[in-house]
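So the structure is just underneath, and the comments pick up after that.
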Amino acid sequence: MSDLTIKRRVMIPVRAGDVMAEFISFNGDDSGKEHIGIFFEGTKAKADNSIPLVRLHSECLTGDVFGSGRCDCGEQLDEAIDRINEEGGYILYLRQEGRGIGLYAKLEAYALQDQGYDTYQANEMLHLPDDGRDFGIAAEMLQALGVSKVRLLTNNPDKAQQLIEHGIDVAELVPTKVHVNQHNRSYLETKAKRKQHTLKFD
């Protein structure tokens with residue numbers, strides 16, 4: 001059983017005030033990372049026993065804030081806000097920059113990618129894990145929120161597997177769109193090939 005408990009709930013208008021979201025902080029995470037739950041009530045009618053749509057979103061400063069074309073993180077976050085605001089559910093915003101290696105290390109990996117290495121090879125050359133994220137904390141956050149069953153908005157099967165291993169019932173995998181551009185196509189193709197992300201390209 002998780003030691004995580006809810007610390008504070010605060011309503012914040014996002015999208016220039018067009019969307020109301022409840023930001024939720026937690027007690028009991030010894031990692032020192034300030035993971036946040038974001039709740040959207042949903043704008044369309046739903047049954048009382050409906051299963052919430054949930055997105056585990058790992059922090060990406062370059063994509064989420066600056067709209068980097070080297071990844072699809074910003075577009076995925078925007079899509080998650082749109083869809084979960086409509087259907088009701090949670091975004092768990094996890095402080096796992098660079099698939100868990102941190103911002104500075106991610107920039108070092110980008111420099112290696114500019115030399116022709118793929119995203120996973122670059123991490124390996126830096127003696128870092130190709131994906132250092134532990135989604136057990138997301139399961140603990142859901143348990144603290146009283147959520148035991150989810151519809152998971154993701155193309156990444158590892159997220160679902162880790163939630164299941166930590167006691168969360170994943171009722172459905174809901175794929176995100178493929179946000180491809182000239183800068184990130186190779187990156188996305190590598191994720192599909194090496195980590196079995198469910199991405200379908202035109």
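Here the Cβ of each residue, glycine as well, is placed from N, Cα and C on the backbone.
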With Arg55, Leu56, His57, Ser58, Glu59, Gln76, Glu97, Gly98, Arg99, Thr154, Lys159 listed by Swiss-Prot as binding GTP, identify the candidate in Thr119, Thr190 belonging to that site.
-> Thr119
Within 10 Å of the Cβ of Cys60 (Zn(2+) binding site), how many other Cβ atoms can you find? Include all protein chains, please.
-> 23
Which value in Å gives the longest Cα to Cα span across the GTP site residues Arg55, Leu56, His57, Ser58, Glu59, Gln76, Glu97, Gly98, Arg99, Thr119, Thr154, Lys159 as recorded?
-> 23
Residue among recorded positions Cys60, Cys71, Cys73, Arg133 with Cα closest to the Cα of Thr154 (GTP binding site) = Cys73
Given the recorded positions Arg55, His57, Arg133, and counting only Cβ atoms in the protein chains shown, which has the most within 10 Å of its Cβ?
-> Arg55
Roughly how many Å separate the Cα of Glu97 (GTP binding site) from that of Arg133 (active site, nucleophile), to the nearest whole number?
-> 9
For the Zn(2+) site given as Cys60, Cys71, Cys73, which other residues of the same chain have their Cβ within 8 Å of the site's Cβ centre?
-> Ser58, Thr62, Gly63, Asp64, Ser68, Arg70, Asp72, Gly74, Gln76
